[in-house]
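As recorded in Swiss-Prot, the features of this protein are as follows:
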{"type": "SITE", "residues": "R20", "note": "site 'Transition state stabilizer'"}
{"type": "SITE", "residues": "K27", "note": "site 'Transition state stabilizer'"}
{"type": "SITE", "residues": "R168", "note": "site 'Positions MEP for the nucleophilic attack'"}
{"type": "SITE", "residues": "K225", "note": "site 'Positions MEP for the nucleophilic attack'"}
Amino acid sequence: MAVATGTVVAVVPAAGAGKRLAAGIPKAFCELDGRTLVERAVVGLLESGVVDHVVVAVPADRIAQTQWVLSQRLANSAGQHATVVAGGADRTKSVCQALATLPAPSRVGAPEFILVHDAARALTPARLIVRVVDALRAGHTAVVPALPLSDTIKAVDANGMVLGTPARVGLRAVQTPQGFATELLWCAYQRGPHLDAVDFTDDASLVEHLGGQVQVVAGDPLAFKITTQLDLLLAKKILRR
């Protein structure tokens, strides 16, 4: 898939089971006021005005459903496009599958920047997406939105014994979308033999593991991750306020 030079492509890994939500279906396909989380996430990215194309990775048996829903939702939206691909066994592999649809950084048509966004952060406001892209265009090669912590954090061992209490002032709760210069993210995933040996919970961790510098920008409370039934209830209340 070729895109115009200088563009921003967002990748949405949405193939996970989401067992903590206990909905009986993949989490990204839970509905929030009649629209699935993945639909809300994809449309939110495109409507931000700074994302040119979205590649969403879903379970193989959900491809047709996702294509139909997005085609209906974007039918009257000029210049807004999404590609649906089969995801992998975990988040990292789903991102790999999505990246494989894009031209390599050295090829004509490669995007300038890539965002990676959780489908479960379905209420992420446009202002946060813009903030991440603005930081990329300002010269940072890896950008994550994050919020200060309000809770005290304890490090514990396997038996639940407290090992220490890190200073909260230097800690942040990281959100998505996370943004990267295309070449940096591409190289991180291409150096792939190590991917199965380390549990990377986000893409910035992978970049850090390879020595990359990651810039934090202000996050947004509305970009919370819908992981449990309580989160889903909160999201519904926010939409209906």
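A Cβ is built for glycine as well, from the same backbone N, Cα and C atoms used for every other residue.
Fewest other C-beta atoms within 10 Å: among the recorded sites K27, R168, K225, that description fits R168. The two recorded residues, K225 (site 'Positions MEP for the nucleophilic attack') and R168 (site 'Positions MEP for the nucleophilic attack'), show a Cα separation of 21 Å. Annotated pair K27 (site 'Transition state stabilizer') and R168 (site 'Positions MEP for the nucleophilic attack'), C-alpha to C-alpha distance, rounded: 31 Å.
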